[in-house]
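**Student:** What TrEMBL shows for this protein is this:
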COMPBIAS  1-11  compositional bias 'Polar residues'
REGION    1-66  region 'Disordered'
COMPBIAS  25-39  compositional bias 'Basic residues'
DOMAIN    215-320  domain 'Protein arginine N-methyltransferase'
COMPBIAS  328-343  compositional bias 'Polar residues'
REGION    328-350  region 'Disordered'
DOMAIN    352-409  domain 'Protein arginine N-methyltransferase'
Amino acid sequence: MFPNENNNNGYHHQPPPPPGMLQTHNHRDRARRGTRRSRASTSSPLIRVSDTEQQQQLQPQPHRPPCTDYDMAYFHSYAHLGIHQEMIKDHVRTETYREAIMRHQSFIAGKVVVDVGCGTGILSIFCAQAGAKRVYAVDASDIALQANEVVKANNLSDVVIVLHGRVEDVEIEEEVDVIISEWMGYMLLYESMLGSVITARDRWLKPGGLILPSSANLYMAPVTHTDRYNDSVDFWRNVYGIDMSAMLSLAKQCAFEEPSVEMITGENILSWPHLVKHIDSYSVTINELETVTTKFKLKSMMRAPLHGFAFWFDVEFNGPTIEPTNYHSSTSFTENHQGNGSLSKKRPNPNEALVLSTAPEEPPTHWQQTLIYFYDPIELEQDQLIEGLVTLTQSKENARFMNIHLEYTSGNRSYVKESVMR
């Protein structure tokens, strides 16, 4: 459990997954959305860290999901330094996490912490600087090798123990006081990394322990984005004086078939946002995340073409309000709550909670916003209703992919939009 005199932090190097599959998957993902993806597993033999740092082969347990080829690609992608540089350079993200750790120093000082998906180890080091007695930095990506070197370089090997493996598979032989993780993917739930945080919570967290972030909210709102539509579609109507409108159908499919991660502003938003899903880190279950469904009823604040829907999220960093003995016993907010006021859900007293927001009117983050565009815009009048249903489902092909089903009605016409975030 504790580091030995060799200061190897429990690090165990494991071989990467098959390169052929990874090259195809990584290229497709980066070409469309940049570099951010998620991390937490490998197919290598499981490791167990004990006082003697011995490695043991463990037999798969019923509660431990198998590691698929998709998982292998998912975690291997985080061995690339550029991904971590992108996230660390996101000052809104990194500084908010550091502030959250320092705000909750009384929960962390002298306590045991688990960092789920530690990456380069920066959050683990923040916790050590806050006085943590011991930090287990867990990551299945080969970036754990570099994290281990970073820990050594900062003379923290006696505090931070780097574990290379899935949270589902590594062994920690003590209960922990704090779980910290930067698990959020695009559209909050893409990548399904929250499941690893839930697993860590259920395996190790003491009753009354702290989870950072403590909660999350996913929002949606209708958007108008004429410039984006013109650039992607109307461009083909006249190309150097040539009628290329025969390309319109293909242009719409290429530009709008899949979700788009991009930056918009509050001026693009047509209504107050709708709360799609509230997540309580202390009570959410893995099964609860398999399918998220909510009905919405929104009113356009202006006359404008409706081009699609935007999704964004915020997370809060609160201490535990109670000391639960069963993390699955509490009840979360209704999914049908509709936000009022600011797009980022302003609180009555902002000092009560530290919030990291990816809302369009907030300082930009690497998550940006996720947009689901229609092939053809819908002309809206001021105060016109837009109502419907959105369902987010983990893909059966790959649980880290997300199927998006949108049903919406406006002006006595009904539409359906299907999309996959992969």
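Every residue, even glycine, has its Cβ placed from backbone N, Cα and C.
Automatic prediction, not curation, is the source of TrEMBL annotations.
Structural setting of the listed features?
**Tutor:** The average pLDDT computed for the domain 'Protein arginine N-methyltransferase' (215-320) is 97.
Helix, strand and coil residue tallies for the domain 'Protein arginine N-methyltransferase' (352-409), in that order: 1 helix, 34 strand, 23 coil [DSSP].
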**Student:** Taking DSSP states H, G and I as helix and E and B as strand, how many residues of the domain 'Protein arginine N-methyltransferase' (215-320) are helix, strand and coil?
**Tutor:** 29 helix, 45 strand, 32 coil
